[in-house]
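Have a look at the structure below before the remarks.
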Amino acid sequence: MKNINPTQTSAWQALQKHYDEMKDVTIAELFANDSDRFAKFSATFDDLMLVDFSKNRITEETLAKLQDLAKETDLAGAIKSMFSGEKINRTEDRAVLHVALRNRSNTPIIVDGKDVMPEVNAVLEKMKTFSQAIISGQWKGYTGKAITDVVNIGIGGSDLGPFMVTEALRPYKNHLNMHFVSNVDGTHIAEVLKKVNPETTLFLVASKTFTTQETMTNAHSARDWFLKTAGDEKHVAKHFAALSTNVKAVGEFGIDTANMFEFWDWVGGRYSLWSAIGLSIILSVGFDNFVELLSGAHAMDKHFSTTPTEKNLPILLALIGIWYNNFFGAETEAILPYDQYMHRFAAYLQQGNMESNGKYVDRNGNAVDYQTGPIIWGEPGTNGQHAFYQLIHQGTKMVPCDFIAPAITHNPLSDHHQKLLSNFFAQTEALAFGKSREVVEQEYRDQGKDPAQLEHVVPFKVFEGNRPTNSILLREITPFSLGALIALYEHKIFTQGVILNIFTFDQWGVELGKQLANRILPELGDDKAISSHDSSTNGLINRYKAWRA
């Protein structure tokens, strides 16, 4: 990968000039001037996903200039580097190969002179055998009963991805009850343990190193709870499995290392749902559906790695995002899935994007003087319409939005889905075109009211419009289409990181807080007043000690 400061490219300079020409152009004008705008600014993936980016403040010239930026920053070379197993995570000297985990074509992918695919396939086969034993009831707990509940204990990528996918694919789930515990707050594990029976519960401990503070604290509490009933430590092996690489620590915990599922240092946490970390997904929806999830992602991987830039969906979405973030000064992006099963999708992408591209140092080690990753947030529609859409429609901040919806619902109840989709279509239209003062006044006339007498209200009912959106319409949310959708966003994030000259696959920003927490923890063990920190931290700790006494 080349380290190129994007602001020093001729494409960036051209985009700055172009922004001056575009900043006052409205989406309404762009549609009025081009009856084919939708056809030109939308694309379909595999007849499963329609991506409409026509309601953006862009022209063909905008996209051409953004594509020039991708060329000048050698995006094509970076894509080749990632897919070929080059160690593009240079701060940790690691390859970045979540694409290998879903490489259904099974073509060799070489890291350090070795094809990783045989090991990937071996772990998949092991997961298949294990999951079939659990799901079929062949696997018995210590009292001879089949497993009914699975508790996944992990945090970050070991929780957000599997939790999001198992929720999104609930229509495909089997009889097993899935639970996810992440927070070190004892309330999280305590509330889950109230719902399960030690005789019929399987715990998955998801920690690559088997040292993650939150995960191991919860795992030990789960083990203690289990042994209060089971008694004999040898029973732990029937009720705990590990998603880890630390054979010694897993064995010491009491887990049979035959039930330890490995993954590799070239799998980043927030890209790990495709790996052994996805075992909870398999236990929820079955191995065949997990393979479909992998296959959908692999199809998007092929699209991303082989499709020209001008038709490449992850690249186009990434470029449009850079346009708003760096030229219009937009600080956030809203992810708005119109599907209740997708209620964890925004939280998943929040980590995927913000932990990847929330960096202020470029790949040369210098502080950047441009914007990097945006703030990602969102909630399912239509809930968000009754919460924060007010600001998106009439606030002073530009919030580019991605609207996501399936054409076919898994729950065709009455006319619920038509009502949901009518809102999905209406919101992007309203955000793009708004409502003028003239229309507001005419509405009053149509109601037999005199606008002059309502002058004090009229300004508040005007919508400026010109708020940009992308619409992603899926035929249906299936394991395959969900896999493709997740991979679409993964590659969008990667593309932005390449162009912005930052390292997308490390996360040093999570370390400092952990270090300080480890230093503070022993200080909380007694009632002595603390004076070793700044006055604020000392004051907070000392008040905590006083109140807990």
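Placement of Cβ uses the backbone N, Cα and C atoms for every residue, glycine included.
What you see is a predicted model, and the numbers here were worked out from it, not measured in a lab.
As annotated by Swiss-Prot, active site, proton donor applies to Glu355, with the evidence given as sequence analysis. The number of other CB atoms found within 10 A of the CB of Glu355 (active site, proton donor), across every protein chain shown, is 23.
Cβ environment of His386 (active site): no same-chain residue six or more positions apart lies under 8 Å away. As annotated by Swiss-Prot, active site applies to His386 (among others).
Under the DSSP three-state reduction, Lys514 (active site) is assigned to helix. The active site annotation in Swiss-Prot covers Lys514 (among others).
Shown in sequence order, Gln213 are the residues of the chain, 6+ apart in sequence, with a C-beta less than 8 angstroms from the C-beta of Lys514 (active site).
Classification of His386 (active site) by DSSP places it within a helix.
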